[in-house]
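Peer 1: Sharing a structure with you now.
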Amino acid sequence: MDWGALQTILGGVNKHSTSIGKIWLTVLFIFRIMILVVAAERVWGDEQDDFICNTLQPGCKNVCYDHFFPISHIRLWALQLIFVSTPALLVAMHVAYRRHEKKRQFRKGDQKCEYKDIEEIRTQRFRIEGTLWWTYTCSIFFRLVFEAVFMYAFYFMYDGFRMPRLMKCSAWPCPNTVDCFVSRPTEKTVFTIFMIAVSSICILLNVAELCYLLTKFFLRRSRKAGNQKHHPNHENKEETKQNEMNELISDSCQNTVIGFTSS
């Protein structure tokens, strides 16, 4: 799988992320993708070949392996990374759409466009507010959901996070209960616990970032509400002054007309 392309795409999202989001991307790249590519694929590369059962019954070994490992650990982690990274791509698409609209306004010569050239639009960092805030917050929520679902699926599918040394299988077509052995169970257990721990750290970072965004959102709303409370009073004063001026002008005009008619 081409993880470099995924890193390039998510690297663009890093520019528009919060500080916590940048830490999450760092953990994702270094402790998950790099470990998955460099080490985990080698550890699980021989899992089916070195899965040994003490029977010569044709098909028994394959059935037992499928029973204990319906999905390979390495493939499940790769699928998890794809699902967890997909919401961040929504943010990248939203930013690309905003940038495209800015470029279109610039080319049309719109007076509302405050940019000097296309390069300034291309390198602009958008603030997380408005519709981008909703997109970014929804992406974090779905990341949390995907992380939690995959951790539960992992625990449920493999009956825990430890790799047993001995597995007893009695599935058909095995003639009786046979003993099956996994290669490098301790090493695989260490990698499994490490990946689960990193996934838990990512969940905590997502929760912290979600709380941070919600706090900023409500503070911004309360600040706007406070400004709106003071702003109407200011508008009322301005309207009162304007009405007084209009009355003075109206009275002066009436006096002028009366004086003109009387003369």
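The backbone N, Cα and C atoms fix where each Cβ goes, and this holds for glycine too.
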Peer 1: Does the record from Swiss-Prot show Arg99 and Ser222 on the same side of the membrane?
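Peer 2: Result: yes, Arg99 and Ser222 share a side in Swiss-Prot.
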Peer 1: So, taking each listed stretch (20-40, 76-96, 138-158) in turn and counting its Cβ pairs to the transmembrane segment (190-210) that are under 8 angstroms, which one gives the highest count?
Peer 2: 20-40
Peer 1: Residue counts in helix (H, G, I), strand (E, B) and coil for the topological domain 'Extracellular' (41-75), per DSSP?
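Peer 2: Grouping H, G, I as helix and E, B as strand yields 15 helix, 2 strand, 18 coil.
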